[in-house]
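Heads up: the structure comes next, in structure tokens.
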Amino acid sequence: MPTSDPGLRRVTVHAGAQAVDLTLPAAVPVATLIPSIVDILGDRGASPATAARYQLSALGAPALPNATTLAQCGIRDGAVLVLHKSSAQPPTPRCDDVAEAVAAALDTTARPQCQRTTRLSGALAASCITAGGGLMLVRNALGTNVTRYSDATAGVVAAAGLAALLFAVIACRTYRDPIAGLTLSVIATIFGAVAGLLAVPGVPGVHSVLVAAMAAAATSVLAMRITGCGGITLTAVACCAVVVAAATLVGAITAAPVPAIGSLATLASFGLLEVSARMAVLLAGLSPRLPPALNPDDADALPTTDRLTTRANRADAWLTSLLAAFAASATIGAIGTAVATHGIHRSSMGGIALAAVTGALLLLRARSADTRRSLVFAICGITTVATAFTVAADRALEHGPWIAALTAMLAAVAMFLGFVAPALSLSPVTYRTIELLECLALIAMVPLTAWLCGAYSAVRHLDLTWT
């Protein structure tokens, strides 16, 4: 071997109180050399046989980078190196530029902007603006002072609904965007309902609501068919509109007052909620059927797994739509009853009680549903209870302390149900008690409905003659 080989380095490595002379390759990374050096020192008893992280450094210099070679670090023949264990904790980093360090820290903690969140925000904003504009048009139609351009207003609203429906088709069929398609379909349904309400001449009444509900049902079904997206939501809207249309049709035929129509619609909605599971099974084709002559040896006569899976998914979608529709129709009926009875001394308490019981029943049903369905029940129940509380507070404006105390109590109950109750482990007796309370509240809907329909007054004024 020549006296001076440029590919080798003759160095002395110190480790604690021991030292060893080694010839190391100059083109091998330091991280590859360290295990061999540790093994040599370990054989000589200079290092304990414990796992640790080692570093190699020159005298009075920082540790050599593990990815570099001895030649790159400037190590020559005769150099003295020190093998030592690395510290358990890395040194605290120091910042030369405070502004750059602050920006880097914020970049690591800030969440990236989610495109889905932006799209949902835009969809929610568009829906709320459309609903707000529709409510203002309905308010103007109910007022006796605003009577001009009613036909033109209905035409513009109908044209806007058709345009929204056209853009919904483009969004779903061309761009494959279900969020935009569903939002535009809902907007078209709102415009269709408002156009139907304004199409009836005169001040809106039961007949106007009937036309509006049928227009909303037709628009939602049409949007669902031509767009192919948002089937669950649009089905729920259509079913809810059909229930409202049926209730208003009864009111138009019998000339019943609004509290009676609303209370009967609410009671019917709870009845439909009880049979919604059976309806979903029937509509999905999962109802048990007796085949005419089933041969056990004929495998083709039995349903396949794929077909059963498709029907099961269809039944789940139908159940979600029906539950949402009937919960919404119960909410609309209860709110309409509470608002219609406001100012009527005899029936005001009945409307408030009906809305409060309806909200409680919907909130109780939210505990036994999954995430999607419980959210619908919770929103409907909270809206109904809030309406009942608002009407009751407006009826008793002179009792300010009681209103403040009731507000604080309801807020505390809401916080308890949202944050504390989910973490509690309830006993079977408690579950049975809650179910019993739900049954009692459902039974109480019948006498409340009879009260609001005027059944008790009619019986009281009967002139029965016993012979």
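Each Cβ is built from the backbone N, Cα and C atoms, and glycine gets one as well.
Using a Cβ-Cβ cut-off under 8 Å and counting only residues 6 or more beyond its ends in the same chain, the transmembrane segment (122-142) has close neighbours at 150, 153, 157, 179-180, 182-183, 186-187, 190-191, 193-194, 197-198, 203-204. Annotated transmembrane segment per Swiss-Prot: 122-142 (among others), in sequence order, evidence recorded as sequence analysis.
Within its own chain, the transmembrane segment (152-172) is flanked in space by residues 137, 178, 180-182, 184-185, 187-192, 194-195, 198-199, 219, 222-223, 226-229, which lie at least six positions past its ends and keep a Cβ under 8 Å from the stretch. As annotated by Swiss-Prot, transmembrane segment applies to 152-172 (among others), with the evidence given as sequence analysis.
Per Swiss-Prot, transmembrane segment is recorded for 186-206 (among others), and the stated evidence type is sequence analysis.
The transmembrane segment annotation in Swiss-Prot covers 209-229 (among others) and rests on sequence analysis.
Sequence annotations record features per position, and here Swiss-Prot assigns transmembrane segment to 241-261 (among others) based on sequence analysis.
Under the heading transmembrane segment, Swiss-Prot lists 264-284 (among others).
Taken from Swiss-Prot, the feature transmembrane segment covers 319-339 (among others). Away from its own ends, the transmembrane segment (319-339) comes close to residues 231-233, 235-240, 243-244, 247, 258-259, 261-266, 269-270, 272-273, 276-277, 279-280, 351-352, 354-355, 358-359, 362, 365, 369, 372-373, 376-377, 380-381, 383-384, 387-388, 391, 452 of its chain (Cβ-Cβ under 8 Å, at least six residues beyond either end).
Beyond its flanks by at least six residues, the transmembrane segment (344-364) meets 259, 263, 266, 270, 327, 330-331, 333-335, 337-338, 377-378, 380-388, 391-392, 395, 417, 434, 437-438, 441-442, 444-445, 448-449, 451-452 of its own chain at Cβ-Cβ distances under 8 Å. Taken from Swiss-Prot, the feature transmembrane segment applies to 344-364 (among others).
The annotation transmembrane segment is assigned in Swiss-Prot to 374-394 (among others).
Summarising the annotation, Swiss-Prot assigns transmembrane segment to 401-421 (among others).
Here Swiss-Prot flags 439-459 (among others) as transmembrane segment. Outside the transmembrane segment (439-459), and at least 6 residues removed from its termini, the chain residues within Cβ reach (under 8 Å) are 256-257, 259-260, 262-264, 266-267, 270, 337, 341, 347, 350-351, 353-354, 357-358, 360-361, 364.
Remote same-chain residues near the transmembrane segment (186-206) are listed as 126-127, 130-131, 134, 137-138, 141-142, 144, 150, 153-154, 157-158, 160-162, 164-165, 168, 212-216, 218-220, 223, 230, 233-234, 237, 241, 248, 251-252, 258, 261 (criterion: CB distance under 8 Å, separation of at least six residues from the stretch ends). Long-range contacts of the transmembrane segment (209-229) within its own chain (CB-CB distance under 8 A, at least 6 residues past either end) are made by residues 161, 165, 168-169, 171-173, 178, 181-182, 185, 188-197, 199-200, 235, 237-238, 241-242, 244-245, 248-249, 252.
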